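Engineer: Here's the feature list from TrEMBL:
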TRANSMEM  51-75  transmembrane segment
DOMAIN    66-332  domain 'G-protein coupled receptors family 1 profile'
TRANSMEM  87-105  transmembrane segment
TRANSMEM  117-142  transmembrane segment
TRANSMEM  163-185  transmembrane segment
TRANSMEM  214-238  transmembrane segment
TRANSMEM  267-291  transmembrane segment
Amino acid sequence: MMTPSISLQQSKNWLSVTNKPTRLYGMDRFLCEPNSLVLNSSTAFHFSQTLSYISIHALPILALVTNSLILLVVLTNSLLNRSPFAVYVKSMAISDTLVLVLKLISFENKTSKVFYWPSMCTVLIFLSDASTLLSVWTIVLITVERTLVVLFPLRIKKFVSVYCAQVLIILVAMLSLIFSTRVLFISVDISPEQKKRCHPISNWQNYRQLNATITEFTLCFIPLSIVIIGNCITLYTIKRAAFRRHQNLTNHIYHRQRYSETNENQLILMLLMVTLMFMIYFLPFTIVNVISRWGLPFDLCFTQKSFEIYLIIRSLCEFLKDLNFCTNFIIYCISGYRFRYAFFSLIHRSHRNRLLYSVRYSKNTKQHSGNI
């Protein structure tokens, strides 16, 4: 997922290294020879720029298509639309699309020769921050809800309901907007001497660094920890309950045992899929953020070659993080039978309606030709 504290423009500035001493946004502290680093003509530099271009311009289109399909499938299926699952899915579909679209608009505002509005810099960061918070903490809500259901199955109605899900999403959305207002206080330097767009004035540099730290913790470290711990507890509880049931079941209810174990295995598979994809998307990005903040362990430093490798890995991690906002449709189709069935039913209905329309159109054409 995109964190506004580490934007693409910052990455490009960080990559634009010459033979002169440069500021690599703090990474020069971890270089063995920072003054001799040259990346402008390296393969790693071009690879990072190409991947960033794809992430900014292609992923928003993919997000619009896939998330629109999610909304279409859920809204046209009455069973899915009436479930608490639908509330979280629609929230993530909207917020995920906003994150990537706002990232594209923010990039154009910083680099386009046609338009540039300094007042839009902080507004776009504010909206992007709020959208990202809503998306990430919706995943946290889903994880916590599933954990509570597994730990307290007799009280499932208190945790799982459409009303409860709607209230939680509204609260998270309001808190995300309130929490993101902190970036609106950052003043943009619009003096003629300042060549960088959307750059804060010097008096706000410390506040900007503090804001970046807060963003990393609220969008990466804390949510990732909650999701991993919650899913581990859920999986452990389900496996323990399945083992106890297996010990207590008798031979004359073998079919019931088999059906129960099948449902449990499907739930375990879905939880494993969600946990695995979340870790694939966010854990590598979190690790490279830790390295960029605290450096390599054992007082090691980056050489020219190792820094280029780190640059490639970092670009891949940021690309994976952005993929999270446009691949939920694929995850739902793979791990959710009901969603997959609703999607294929929608395709079948659409195809049948087109056939009926073509048949009616051909009949009307023939009648009109006969009358003439």
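Cβ atoms are placed via backbone N, Cα and C, with glycine included.
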Engineer: Among the recorded stretches 87-105, 117-142, 163-185, 214-238, which has the greatest number of Cβ pairs closer than 8 Å to the transmembrane segment (51-75)?
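Structural biologist: Selected stretch: 87-105, with the most Cβ pairs under 8 Å.
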Engineer: What same-chain residues lie close to the transmembrane segment (87-105): Cβ under 8 Å, and 6 or more beyond its ends?
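Structural biologist: Counting only partners 6 or more residues beyond its ends, the transmembrane segment (87-105) has Cβ contacts under 8 Å with 1-2, 7-8, 56-57, 59-60, 63-64, 67-68, 70-71, 74-75, 124, 127-128, 131-132, 134-135, 138-139, 141-142, 162, 165-166, 169, 173, 322, 324-326, 328, 332.
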Engineer: In terms of Cβ proximity under 8 Å, which residues at least six beyond the ends of the transmembrane segment (163-185) contact it?
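Structural biologist: Hits for the transmembrane segment (163-185): 4, 84, 87-88, 91, 122-123, 125-127, 129-131, 133-134, 137-138, 141, 145, 207, 211, 214, 218.
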